[in-house]
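Trainee: Copied straight from Swiss-Prot:
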type     : residues              : note
BINDING  : His79, His238, Asp242 : Zn(2+) binding site
ACT_SITE : His265                : active site, proton donor
Amino acid sequence: MIKQRTLKRVVQTTGVGLHTGKKVTLTLRPTSANTGIIYRRTDLYPPVDLQVNVKSVGNTVLCTCLINEYGVQIFTVEHLSAAQAGLGIDNIIIELNAPEVPIMDGSASPFVCLLLDAGIEELNSAKKFLRLKQTVRVEDGEKWAELRPFNGFTLDFTIDFNHPAINVDTQHCFFNFSSASFVHNISRARTFGFMRDIKDLQSRGFALGGSFNSAIIIDDYRVLNEDGLRFDDEFVRHKMLDAIGDLFMCGHNLIGSFIAFKSGHTLNNKLLKTVLSCQEAWELATFSNASDLPLVF
């Protein structure tokens, strides 16, 4: 059978919170089968656990945030979530001594490296996939996102920026998921922001950890980072990375096709909630043999 995954050993790193600008220590711990993904705030006494599921997703305006019934929050989980989805990690305990996951370089790549350094352990329990049975679509004005039945996992994403630094030919990307392809082609794509917006956010106490080391920064004409872009279409690739992380808030890798136009955290989360609210639209699937699995990890 295709088995659930956790880590082989504990690993730790430090970084800075994107919005708080404060140092954060992140510790990843292995755990048992069917535990799921648990975030633990160790800066609180006693420590507070937040179980990842679609109901625990709170604010999605600037990032994806988890919140429990007592108002305890953890911000900016989407890049770490994407790394877990990309490597198929089902069970993990994520400890933070702050209310925010560190932004690192603005991509999921540092988290992928951390997870691979920990090693992946298979558990003696069947891995459950969320498989689409019906097409579900959500819209917000001209923006929309859709999940369709498909025997595999693909993403088809289009952004629409009228900006000299974002060429019209680089605003669409199609991605056929495999773990190796995710690591090489999606995980390295960084978040991006416009200089004018960053200054406004920082004046209001947000994006205090934003810098050229943690994002692609754009003025009205060009990319300001000295090292430029990692991919010609890095902007849309990062939007796909965000979507992979947001869709993993259900705690399962998806089997289906995701198509979106100008979608973001809010619409991605709305789509996932809409799917899960319709019992006829999805099912949990397990696989006895690797040859039957339509995804490659």
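Cβ atoms are placed via backbone N, Cα and C, with glycine included.
Mind mapping these onto the model and telling me what they sit next to?
Mentor: Around the Cβ of His79 (Zn(2+) binding site), the same chain contributes Val101, Ile103, Met104, Gly106, Ser107, Ala108, Phe111, Thr191, Leu241, Asp242, Gly245, each under 8 angstroms and 6 or more positions distant in sequence. DSSP assigns His79 (Zn(2+) binding site) to a helix in the three-state reduction.
Sequence-distant contacts of His265 (active site, proton donor), defined as residues of its own chain at least six apart whose C-beta falls under 8 angstroms from its C-beta, comprise Thr60, Val61, Cys63, Thr64, Glu78, Asp242, Asp246.
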Trainee: Which chain neighbours of the Zn(2+) site, leaving out His79, His238, Asp242, have a Cβ atom within 8 Å of the mean position of the site's Cβ atoms?
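Mentor: Counting only non-site residues, the set is Glu78, Ala82, Gly106, Ser107, Ala108, Ala189, Arg190, Thr191, Lys239, Met240, Leu241, Gly245.
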Trainee: Using DSSP and collapsing to three states, where does Asp242 (Zn(2+) binding site) fall: helix, strand or coil?
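Mentor: Note: Asp242 (Zn(2+) binding site) is helical by DSSP.
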